[in-house]
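K.L.:
Got a structure for you, written out below as structure tokens; questions coming shortly.
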Amino acid sequence: MVHIKKGELTQEEKELLEVIGKGTVQEAGTLLSSKNVRVNCLDENGMTPLMHAAYKGKLDMCKLLLRHGADVNCHQHEHGYTALMFAALSGNKDITWVMLEAGAETDVVNSVGRTAAQMAAFVGQHDCVTIINNFFPRERLDYYTKPQGLDKEPKLPPKLAGPLHKIITTTNLHPVKIVMLVNENPLLTEEAALNKCYRVMDLICEKCMKQRDMNEVLAMKMHYISCIFQKCINFLKDGENKLDTLIKSLLKGRASDGFPVYQEKIIRESIRKFPYCEATLLQQLVRSIAPVEIGSDPTAFSVLTQAITGQVGFVDVEFCTTCGEKGASKRCSVCKMVIYCDQTCQKTHWFTHKKICKNLKDIYEKQQLEAAKEKRQEENHGKLDVNSNCVNEEQPEAEVGISQKDSNPEDSGEGKKESLESEAELEGLQDAPAGPQVSEE
């Protein structure tokens with residue numbers, strides 16, 4: 001391989017770096033076809049065109065450069081940054097994923113000893129951290145699609161590798177979401193197929209625990225997904241697909257507050273069944289979950305998610321009540337308290353939500369009334385502060401004082417009128433549309 005020196009750029013290579021920032025993919029493609037352009041050329045800081053594209057959030061440029069042979073693991077930057085680090089710093093989830101699929105190494109460190117995931121966490125790009133921590137190379141799964149040793153058949157049929165890889169790399173571990181991913185792919189909705197899938201997951205789990213660099217986090221994730229698969233198998237027996245029944249069982253809430261007890265028990269059971277009792281992660285999970293009464297915080301799902309994906313609990317973001325997808329923005333139009341991804345999730349959850357929707361609506365209206373009352377009190381306090389400041393500035397008038405006779409009786413009448421109007425507006429808040437609908441937040 002020819003050694004490329006930093007800063008020694010041809011005119012066309014300089015133009016390429018400019019086009020990456022401001023130009024089009026077509027212009028970049030034209031320049032890359034030139035003999036005077038090296039796809040892995042280095043600027044004065046040791047940055048390749050791919051690093052520039054990743055840092056600037058240019059997804060199509062990144063794909064183009066990778067197709068032309070860009071080195072995703074180039075380590076010539078003056079501070080040891082890689083293309084994956086720049087992608088993570090930019091906060092672009094798609095580019096981070098593209099870099100990982102192209103073979104980006106996740107354990108490489110920069111000059112201050114930080115990996116790409118650690119750099120992303122440092123600047124608050126938690127979504128990128130989750131993607132990096134949960135990435136599982138397709139090659140590791142493809143290993144099981146070929147007969148090994150004395151085996152006559154592969155442990156995993158090649159046609160199942162794609163759908164299974166999609167589930168393995170998901171960052172949403174909600175049991176309903178996993179069942180939905182199984183249900184949406186006809187290849188997985190067969191008892192025999194899921195039997196092979198869960199056995200492969202168990203093999204990967206075992207390998208993660210017995211390898212030299214033990215990976216407890218990945219092992220726990222594989223075991224957890226395997227347990228959900230085994231639950232799905234119970235609803236696929238005799239050639240019948242009853243996964244919708246399983247989803248309803250996972251969502252069904254108890255009468256008092258709508259908490260999904262069965263879902264909580266399933267997650268706790270899967271953690272308890274982890275076969276490696278000496279694992280530090282298992283002991284941490286048990287210590288966090290065991291003392292908590294079912295229905296109280298933290299839930300088993302939130303503890304498990306934080307342990308496996310590294311998602312930060314204090315980030316102000318909403319999650320879908322049905323499938324746990326991050327960034328949900330639709331609210332129930334009646335109670336305004338429950339959030340969904342879309343109407344599909346809302347309709348799926350309505351069978352259990354309708355039992356407590358009215359109670360939640362009453363709670364919401366009470367909160368709104370209290371919030372409006374506090375706001376009105378703050379405004380009144382603000383007016384009083386302004387009036388007292390004005391009186392203090394006018395010392396002679398303050399000393400003389402103002403008699404009740406000089407005060408305007410109409411002021412108190414107007415104050416009462418404003419108060420009545422405000423109360424009427426608040427009563428109007430109690431009117432809400434009926435029926436299971438979702439509204440924008």
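A Cβ is built for glycine as well, from the same backbone N, Cα and C atoms used for every other residue.
Heads up, here are the entries from Swiss-Prot:
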REPEAT    159-188  repeat 'ANK 3'
ZN_FING   320-357  zinc finger
BINDING   CYS332, CYS335, HIS353, CYS357  Zn(2+) 2 binding site
REGION    374-441  region 'Disordered'
K.L.:
Counting Cβ atoms within 10 Å of each candidate's own Cβ, which of the binding-site residues CYS332, CYS335, CYS357 comes out highest?
P.N.:
CYS332
K.L.:
If you run the three-state DSSP split on CYS335 (Zn(2+) 2 binding site), which class comes out?
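P.N.:
Once the DSSP labels are grouped into three classes, CYS335 (Zn(2+) 2 binding site) ends up as coil.
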K.L.:
Could you tell me the mean pLDDT over the zinc finger (320-357), as a whole number?
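P.N.:
Taking every residue in the zinc finger (320-357) and averaging pLDDT yields 93.
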K.L.:
Just to be sure I understand the packing, how many Cβ atoms besides its own are within 10 Å of the Cβ of HIS353 (Zn(2+) 2 binding site)?
P.N.:
23
K.L.:
In the repeat 'ANK 3' (159-188), how many residues does DSSP put in helix, strand and coil?
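P.N.:
The repeat 'ANK 3' (159-188) comes out at 19 helix, 0 strand, 11 coil.
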